[in-house]
Ligand SMILES: Nc1ncnc2c1ncn2[C@@H]1O[C@H](COP(=O)(O)OP(=O)(O)O)[C@@H](O)[C@H]1O
Ligand SMILES: [Mg+2]
């Protein structure tokens, strides 16, 4: 029983990491129609910046969090402005290839600026073990689940009640017509990139705190993208759910069946679900009507 | 009926909208508008008629600054609002200056509720104005108030057109442009939409640019009529004069091809049938 609970809890924590990055994929796709395959790498770089800030401030968690979040937004806005926006009129395949190219550059850039060795983040509060009724988890694991819950609540409120959030949905539905209402689509797209950067940056940094910081962190992006598909590409909240489903399934399969099947389990679920629901669990089916 | 609001003779005020010798191309190659000049005086209803492919929607895209999205460009001439060349003014600035478009095919945000669609129309308005404007729209279309929580994509065609018009009104336009508002709608619904448009002009003095293939009905509420064919204005004049000239009108609406010219009555019935089927 305790073993099951441990598997569920750590599956939930890693699922929350996937979920946050999956939400990042989804919000950029929703606002721009683009898949940013450098999302995992951007989260990784934010984690490295957090590491550098933590080292420089003797592990001050507040300075580290604030500095990393500010960095993630500025970095994403720069990428969007310098690389993504100039390509807005190019074919979608070329634009997606650009993000794949960025991903490779970010990966090797990380190893150049920092190194290829695993590091401890040096944030005592985050890596301390907490006893949750017999199950011992790290502070950062709790942190990432809380971060996912906050992100989901914030996104639900944003898309339902905020005028800017409704405008983002309008842009997703028909950007040319949204412009006719006076929406500045570039502004909406920048906001999506910024929000995505914060979510995947928090995911990357908390993952690094709970487990370890290394250049293999980029693979979180690869694991999270299927969660986005599972939730429905344009469903930001559905993506969070997809991440949790994949995280928990991986852990259960790895724990009870065989560690070798762990990596495959998530993908098996995805294929099964997509065969029944091609738009994902929560994706919006296009309503076509006169 | 609508009173024609004629401009003070010799007044220095420029028309609200003036299109001067506009030539519009797509992809630097496809010539969609060859040479068009037209004028929409403040407070008037102007109908721009012409068959499919004449270049009507292209003109409206130029007016709203959305041509570039389709690789289109005003290559020659100018589009003037209050006598001022719009040039490359971005769409949000044009909307802020009082131009609203009800686009061809309505283009609702299908997954959003009726209320969210309408709210989107007031995107540039402050929160305080928004409530007042929404109340006005629901006043004009009480049916939308009942349906405010419903997903717009599941409304009937007529209700969708009401949302599209209501959404455009949220920007408090001085110039309301409508691109084929009768397309695909039952005649009874078309009558309602037209009555609303006429009322907006008569009661609120809103200037209307009405683009239609459905010539007869548009001419009934218009002060001035322009007929377009192959990217050119081929005929224009006061609506009463044009109404009396069925033959010419029929000819220029594109039913002149070959020997099988139908009588106007036949054509009209044919169109009706098609509309009911769609
Ligand atoms: N995005 C586009 N790219 C290239 N050609 C276009 C585009 N849109 C319209 N056209 C062409 O421009 C001409 C005028 O089209 P349009 O303005 O839509 O006519 P109308 O609204 O009068 O039916 C047509 O020949 C059409 O094929
Ligand atoms: Mg058209």
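Cβ atoms are placed via backbone N, Cα and C, with glycine included.
Bear in mind that the values here come from a model prediction, so they are computed numbers and not experimental data.
Per TrEMBL, the listed range annotated as transmembrane segment is A:62-80 (candidates: A:43-61, A:62-80). As stated in TrEMBL, the feature transmembrane segment covers range A:264-282 out of the listed A:245-263, A:264-282. Record note: among A:170-190, A:191-211, A:191-211 is the stretch given as transmembrane segment by TrEMBL. Most Cβ pairs under 8 Å to the transmembrane segment (A:191-211), among the stretches A:7-29, A:92-114, A:264-282, belong to A:7-29. Within the same chain, the transmembrane segment (A:7-29) stays apart from the transmembrane segment (A:264-282): fewer than three Cβ pairs sit under 8 Å, each pair at least 6 residues apart.
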